[in-house]
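Trainee: The structure that follows is given in the form of C-alpha cells.
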Amino acid sequence: MSPAPEHNSVKVVVCGAAGGIGQPLSLLLKQSDLISHLALFDVVNAAGVAADLSHINTKSKVTGHGRESMDEALQGAHTVVIPAGVPRKPGMTRDDLFKINAGIIRDLAEGVAKNCPDAFVLVISNPVNSTVPIVAEVLKKHGIFNPKKVFGISTLDVVRSSRFVSEVIPSVDPKSTRVTVVGGHSGVTIVPILSQIPGHASLTQEQIDALTHRIQYGGDEVVKAKDGAGSATLSMAFAGARFTNVILEATVAGKAGLVESTYVNLAADSSASTQAFREKTQLDYFALDVEFGREGVSKIHALPKVSAYEQTLLDAAIPELKANIEKGASFITAA
Ligand SMILES: NC(=O)c1ccc[n+]([C@@H]2O[C@H](COP(=O)([O-])OP(=O)(O)OC[C@H]3O[C@@H](n4cnc5c(N)ncnc54)[C@H](O)[C@@H]3O)[C@@H](O)[C@H]2O)c1
C-alpha cells in the first residue's frame, strides 16, 4: 500500500500512554502512516515514553504531556484512545475497578469536550460496559455527543475468540477467521457467536461450553498468570491498535466496508432494525458488528442468527449489561 499523502493524516492521543497497555499500544500506533502527530498523555512518565518513541523513523511527530498539559495533548485531536486507569488484580472483577476508573474517565471526557469535541473516542479502560456510558453522558452534558464516534474497544474478545477457536478446530486460521462477539465486555456479558464460524458443526457441546467460558473469562487467565502484576497488556495493545487502525482507515483513508465488533451506543444507527433491537433489549449500548465510514459508524449489523445455547447466554447477559450501563450513566447524571 502506498503511504497516505501528507494531508491525509491526523493527530491521535493516547491517554494513559505510559501504562502497561499504553506503551505497546503507542509503539504499534507509531507505525501508522495515517498519524501525523501522536500525543502521549499520562500522569507519570509521558515525557520518557515520548522521547523513546520519537526516535523511531516513521511519519508521526511524538509529544509527551504530563498532568498539567492534558489540554495541550487533546487540542485538535482526531482520535483519542483511552487506556488510562488501574488494571485488575487477582480476585477483582472489572466492575471492582469502577470506583477508581469512573472518575478518571469522566475527567478525560471533560477534556475531550473542551479540547476536541469532534474527536473519535475509543475506550479501553474497564469496566468498558460502564466507562463508555460515562463518556457519552459527559459529552451529552456538553451537547456534543455523537454516538457514531464513541466506542468501547471489545476487540480483545474477538482476537481471543479467533485464537482459541483455532486451537480446537485445526482448519480455522486464527488470523483470517473473525468471530462475531456481541453483548458487553465482561464475564457473562461477552457472548461469542460460535455457531456462525466455519467448522462449528464439528464441535461437541462440551467444547462449545469450554470455548465460551474461556472467551468470557480469558482476561482472568492473564490476571492469574501475572500474579498481581496486572492484566492483559500486550494482547490488549494489539487489539487496541487493530481497532484504532480500522477507525483511521475508514475515517481518514476513506476505506469502505471495514467491519469490527465494538461496544457502541445503538442510537448510532437509526435504521428500523437497530431501533427494534434497542426496543426489544431495552439497552442503549451493545457490542455488535459495526461497519465504518468517514463519519464513524455507517451501519450496525443485526444480531446474527443465534443457536438456542447462545440465546441462553444472551438472556444472562442482558440484565447484567443493563445494570452496568445504568451504573456508568448515573455516575454522571446523578452527580
Ligand atoms: N478493554 C479491554 O479489553 C481491556 C483489556 C485489558 C485491560 N483493560 C483496562 O485498561 C486499563 C489500563 O490497564 P493497564 O494494564 O495499562 O494499567 P497500567 O496501570 O499499567 O496503566 C494505566 C496508566 O494510566 C495512567 N493514568 C492513571 N490515571 C490517569 C489519568 N487521570 N490520566 C491519564 N493517565 C492516567 C497511569 O499513570 C498508568 O500509566 C485498565 O482499566 C484495564 O482494566 C482493558
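Glycine residues also receive a Cβ, built from the backbone N, Cα and C atoms like all the rest.
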Trainee: Please pick, from ASN57, ASN101, ASN146, the residue that TrEMBL records in the NAD(+) site together with GLY16, ALA17, ALA18, GLY19, GLY20, ILE21, GLY22, ASP42, ILE124, SER125, ASN126, MET236.
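Mentor: Of the residues offered, the record points to ASN101.
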Trainee: Out of the binding-site residues listed (ARG88, ASN126, ARG160), which are within 10 Å of ASN101 (NAD(+) binding site), Cα to Cα?
Mentor: ASN126
Trainee: Could you list the residues of the same chain, at least six apart in sequence, whose Cβ is under 8 A from the Cβ of ALA18 (NAD(+) binding site)?
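Mentor: The answer is LEU40, ASP42, VAL44, ASN45, ALA46, GLY48, VAL49.
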Trainee: Could you check which of these recorded positions, GLY16, GLY20, GLY22, HIS185, MET236, sit within 10 Å of ARG94 (substrate binding site), going Cα to Cα?
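Mentor: Cα filter at 10 Å returns HIS185.
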Trainee: Reduce the DSSP letter at ASN101 (NAD(+) binding site) to three states and note it down.
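Mentor: Helix, per DSSP.
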Trainee: Where's the emptiest Cβ shell within 10 Å among the recorded positions ARG88, ARG94, ARG160, HIS185?
Mentor: ARG88
Trainee: Does SER125 (NAD(+) binding site) have same-chain partners at least 6 apart in sequence with Cβ under 8 Å from its own Cβ, and which are they?
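Mentor: Within the chain, SER125 (NAD(+) binding site) has Cβ neighbours under 8 Å at GLY16, ILE82, PRO83, ALA84, GLY85, LEU97, ASN101, ILE104, ILE105, THR131.
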